[in-house]
Amino acid sequence: MPPLPSSPSLSQTLSMDDSTGSLPSGDALSFYNLPRPKPIWLNDSYAKHIVKGNFMTLSARPKTVEQGEWIAHQVVEHYRNLWNFVRVIHDKDEEGTSICNSQTCPRMSAGANHSFTWLNARKEPVEVPAHEYISLMQRWISGKIDNTAIFPTDPAGVSFAYNTGNPDIASATYASGGLNTPGSNTPIPAGPTALTTSLSQLAGPGDWVGKSSGFPVDFVEVCQTIFRQMFRVYAHLYWAHFIDPFYHLSLEKPMNSCFSHFVLTATEIDMLKPHELEPMQPLIDLWAANGTFPKESKAYACANLKAGERLLSLAGVN
Amino acid sequence: MDSNNNGNRFYLNLNNDRQAYPDRTYPTTPSTFPNPIFPSQAQGGGQQAQAQSSQQQQQQPYSTGFAPSGYFMNNPYPPSYPQQPPASNYPAPQAPQASYQQRPAPTNPNDATNGLVHQFSHQNLGGRASPYGGARQPSPSQRPRTAGATGQQVSYSNYLNAPMPAAPQQQNWPEFQPAPERNPDKYGPLAQTNQKRCAQLAEAFFKDSVRRARDRNVRQSEMEQRLADPNQSQARREQTWSNAGKQEGKYLRFLRTRDAPENYQTLKIIGKGAFGEVKLVQKKQDGKVYAMKSLIKSEMFKKDQLAHVRAERDILAESDSPWVVKLYTTFQDADFLYMLMEFLPGGDLMTMLIKYEIFSEDITRFYIAEIVLAIEAVHKYGFIHRDIKPDNILLDRGGHVKLTDFGLSTGFHKLHDNSYYQQLLQGKSSRPTNRNSVNLDQINLTVSNRSVINDWRKSRRVMAYSTVGTPDYIAPEIFSGHGYTQDCDWWSLGTIMFECQVGWPPFCAEDAHDTYRKIVNWRQSLYFPEDVQLGPEAENLIRSLVCNTENRLGRGGADEIKAHKFFRGVDFDGLRRIRAPFEPKLSSNVDTAYFPTDEIDQTDNATHMRIAAEASNQPRVDAPELSLPFIGYTFKRFDTYANNR
């Protein structure tokens, strides 16, 4: 058992423990301590998409493209997508009111179990209303993306990935490019890629992902943070705004498609670690079980298939 | 399966993992960044809970005001939740529901830590003892069919006022939160706009992404074929690989950067019209030369040209044909749409016709044959040009033909709007009064009157840049409103051929009104002047194109036209490789000698307007890509940097 909470508000965790104790053993969902009834977006009928097919090809790095360049591309694409949904809840109307505001969402929450804080000037975590959190997030991310020292734009600086299929080129110095090449038979000098290994580790000393293309040494770290922030915002959109307004505006399918593509990409290019998916884990499980995530994807590997299948059967899908 | 097995499946595992929770450093926190916290880590739980519940009550008027009545009526559980005194609050399992409503997130009743709540929560959990059994009802069956049925509201409020706990009833709780009736109207106009924008952008994102991925795969397999060629040296192969990687990388960089008119230096204005202008520009970054068409958004909107802009962007973006002018990228700012296209220094066929008056039969054969192939290419992409005319036939540096202006720029007629033509046909002359009067009565149209014709042509250039455009080459069925097919473009071909051979288009008249009438009455008005020597095959071809659509050559495909005896001996497949009859003589890659730049006002309106708009300092709230009617307009071609000379 986890250590008993010292803070009263941890009693929540405690009561969840009690609840799991009274459940029939083996329910793959019990761990998540989901509210009852479960959020509508875990119902397969509302977890559908505007697109079909295997979207790995949108996420997987093309062989010749340098890894940093690909990550930069994905960061920008997913940020544009996310902002497309955020705008719906974040924009203020003529009276200065937004759908997400400090009354509806006094915290940046993702269900009862998660809320996110912002670090203030003294680097202390502070709770801010979701609307403000999202504004801060936007300012922070666009500050990074628009900074050409972090996201260079000069076409002359573009590099390429070293050719893992070509031993002569593989011996060259482009160690940063050879990560995670799908389908490559050639052993990658930097070592096998594992879910637990960070990209910066793989790049080796004195070298880093994106170096040859002019990305800075902390580029991967910055991008991982951006992805983590974007994930939090998606989590808030699902937990706090799925019905109000996205479902009412019939935007839940586009949001499902963009978010599932986001998860697929973020895991594929190691921008999010499996444990970071937690607030949305049941939906990821569901998407693994209902075929949204291809079996060969890392997102699928991150999922608890049993939990997903359980959700499917609860929704009456066989 | 355990988490050590990291290569394969990672189960977020049940009990093991949970132990890791409280002491997990979650997430890896970079210096500048925020932590997520579990509510448990928040300070002062009990106090907080009280504060929250009072806060909650304060907010209650807002909540009910904000949240749609339809929603509440359909949802049996939460409506009166905030109205309940905290002690008789709904028990734990239900409570987190608050977090997915428009409800203060902290209304987590677990925070309202008191024994009673816990008791209830246990009761409810008990009621869930066989939680996934037969008691479960799929959500749809719980969903009232009609939003806003007052009777239901009453019954719900009764239910809610009923004494707790109603454990058996709670067994009927659905597994999933029931879906309320969709009620988009509860939100204001801003949300409606954002809704459309959001849906369109998401769709455009996937459409574009899939297309790009598909094209990328094609390029990659082409590269792999080259790599597999045993005759290639190792060095060459490395070159192939690194070039491919760099091209892809440049394209990705191009995709993530926002293009802007400031990135281009205007060299000369080569065309101008009511909707905007075409400029010869040079990209500041790399010195490459392009033709940049800028269109005034507000004019496009007012004159109902959005569909046409979109059509042009679509066909130019989709086609990859030597017969169609290449579109490299489209972008926009608050006031303009921009199309960055290849610059064709040879000018257009209209300018050639003004210069040479008529073509010999051989030269006519060359141009008409090339136009046949160009139209065929457009048709193969599934488009109908509908506005083929000499102004839209551009000549590249080799003097070969390319089509442009797919539905806009010069001929901004509402091609789809029949009533527009009906109005013109019935109305009086639409001729601008300031135009030089040119008497173009049919009788006067003889070779001896060439100077008159040239006056007409010059006035026609003015016409070409107007919003009305010239109707001279348009097929009659387009006016009739009874529909048209691809073969309307073959009619236009016939009229252009007539003009190449005779010196004027067959239905030209003093004003558009008369031209329309002549076209509709083509049987009477089509007339070959006696003093013009026309080969019998040439006249036959013209007559089999300028005719009613049932008999028109080309109805069964371009091959019918290619097989006409006028084209005997023409090698259509190799046509683009032979030397053109007129090759532009250019002094530099920015030579505009073939454009009537001296006739065009060189005032750079777009730049002026932009600077004025910037100076006015009006706050631009949205990125221009997001202005609703123009979503999806922005386009970026892969080989923008690759093959541009």
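In case you wondered, yes, glycine gets a Cβ from its N, Cα and C as well.
Listed in TrEMBL for this protein:
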| type | residues | note |
| --- | --- | --- |
| REGION | A:1-21 | region 'Disordered' |
| COMPBIAS | A:12-21 | compositional bias 'Polar residues' |
| BINDING | A:Cys100, A:Cys105, A:His236, A:His241 | Zn(2+) binding site |
List of residues, in chain order, with Cβ under 8 A from that of A:His241 (Zn(2+) binding site) and at least 6 apart: A:Ile89, A:Ile99, A:Cys100
Of all listed binding-site residues, namely A:Cys100, A:Cys105, A:His236, those lying near chain B with CB under 8 A: A:Cys105
Coarse DSSP state, helix versus strand versus coil, of A:His236 (Zn(2+) binding site): helix
Secondary structure at A:Cys105 (Zn(2+) binding site), reduced by DSSP to three states: coil
Local backbone state of A:His241 (Zn(2+) binding site), from DSSP in three classes: helix
CB-centroid shell, 8 A cutoff, Zn(2+) site A:Cys100, A:Cys105, A:His236, A:His241, site residues removed: A:Ile89, A:Ile99, A:Thr104, A:Ser109, A:Ala130, A:His131, A:Ile134, A:Leu237, A:Trp239, A:Ala240
For the binding-site residues A:Cys100, A:Cys105, the one whose C-beta sees the most other C-beta atoms within 10 angstroms: A:Cys105
Structural state of A:Cys100 (Zn(2+) binding site), classified by DSSP into three states: coil
Cβ neighbours within the same chain of A:His236 (Zn(2+) binding site) - under 8 Å, at least six residues apart: A:Cys100, A:Cys105, A:Met108, A:Ser109, A:Ala110, A:Ala130, A:Ile134
